[in-house]
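Noted in TrEMBL for the protein shown:
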type	residues	note
DOMAIN	10-335	domain 'Acyltransferase 3'
TRANSMEM	15-37	transmembrane segment
TRANSMEM	49-71	transmembrane segment
TRANSMEM	83-104	transmembrane segment
TRANSMEM	132-149	transmembrane segment
TRANSMEM	161-179	transmembrane segment
TRANSMEM	191-209	transmembrane segment
TRANSMEM	216-235	transmembrane segment
TRANSMEM	247-266	transmembrane segment
TRANSMEM	287-306	transmembrane segment
TRANSMEM	312-337	transmembrane segment
Amino acid sequence: MSFDKPQNLEWISNLRFLSLLAVIVLHTSAVLLAQYGKVPLNEWLTADVFNAMVRFAVPVFVMITGALNLHRDYELNDFLKRRLSRIVTPFLFWSLVYIGYSWYNEEISFDNDTWANAKLILHQLKYGSSYHLWYVYMLIGLYLIMPIISKFVRAATKKELLYFLLIWLAVMLLEQPYLSRYKPQVELRYFEGYIGYLVLGHYLSTTAFKQRYLRSLMLLLFLGMVMVITVGTYLVTKYNYSVTTVFYEPLGPFVVCLSGSLFVFFKYRTVNLPAFLIKVRDFTGQYAYGVYLGHALILYLLDLWFNISYKLYAPIISIPLTAVLCMVISVVMIWLLNKLPYIGKYIAG
């Protein structure tokens, strides 16, 4: 069955912008979330609520990638040369930046042994030189399989895509701690991981659904999942006396429902933004990947140099304030890096 590409890409632009901000909110609040038992409970719960609200960020990024790319027919060499290089080159640059920051922050050290220094750098590149770069390692894997999976998606019927997605969801459920004992010995790894979000994004963006009450139902599902994730995380954390993130897991049923409901809601929700906000959204969208790569450095420096973090005011104010400030500075930083002659557009992201 042939699927058309998603129409009206305004909603995808809106969703990308929101997801980018959500990632920064997530990383701003995560520091407070880790302080369970060391900060007042009301402050910790604020971080819990913010975390629950924005857990859709990375899954929605992957779904957008699927929506925009899986309907295309790729020539393999061209795809690997152009698309993959646009991910890998900035990633390597920013990985070295974070290695440099770790050295500056005395988290790692170099000596006069060139080979030992090289091994340390390679070790950092292998496992990730900053906490948020796991996303890029995952994304590279998805891009490697995208020319293959896109051929399946373009040839598949809706029934076949649903078959794939249902098995993906079933395998995901069986991977959860509370259900893993029921997992059979059948080899199911072929249906695991973020590839399901890739296909889900394509499926939801190209499939027409009956719209009566759909937006209201999706909004209720989203809010319901926020509540379930928030309360569930609090209860299991209280039970274990330490932060427990089982409800936060992106490859878990709660975040799938959270992400899918928001994706469909935006698809069918017309948002008439003022011209100024459209310009801000589109300008930011040009540098979204670079902002993702660089925002962690800005969060570090805002806290280190200016004491701007969740501790600035009450967390309900300081978390979104810090995130917005970080996003603005990150966009300007990536824009300036892109202006560097010869290398800017390759390294900035």
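Glycine too: its Cβ is placed from the backbone N, Cα and C atoms.
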Relative to the transmembrane segment (191-209), the stretch among 49-71, 216-235, 287-306 with the most Cβ pairs under 8 Å is 49-71
Stretch contact, the transmembrane segment (247-266) with the transmembrane segment (49-71), Cβ-Cβ under 8 Å, 3+ pairs: yes
Interface check, the transmembrane segment (132-149) with the transmembrane segment (49-71), three or more C-beta pairs under 8 A: yes
Residues sitting near the transmembrane segment (312-337): Cβ under 8 Å, six or more positions beyond its termini, same chain? 20-21, 24-25, 28-29, 32, 43, 46-47, 50, 283-284, 287, 290-291, 294-295, 298-299, 302, 344, 347-349
Short question: which residues 6 or more past the ends of the transmembrane segment (83-104) have a Cβ under 8 Å from it? 110, 121, 124-125, 128-130, 133, 136, 139-140, 143-144, 289-290, 293-294, 296-297, 300, 346-349
Any residues 6+ beyond the ends of the transmembrane segment (15-37) with a Cβ under 8 Å from its own? 43-44, 46-48, 50-51, 53-58, 60-61, 64, 131-132, 237, 241-243, 262-263, 266, 281, 284-285, 288, 291-292, 295-296, 299, 309-310, 315, 319-320, 322-324, 326-327, 330
Outside the transmembrane segment (216-235), at least 6 residues beyond either end, the same-chain residues with a Cβ under 8 Å of its Cβ set are 45, 48-49, 51-53, 55, 244-248, 254-255, 257-258, 261-262, 264-265, 268
Tell me, roughly as an integer, the mean pLDDT over the domain 'Acyltransferase 3' (10-335). 93
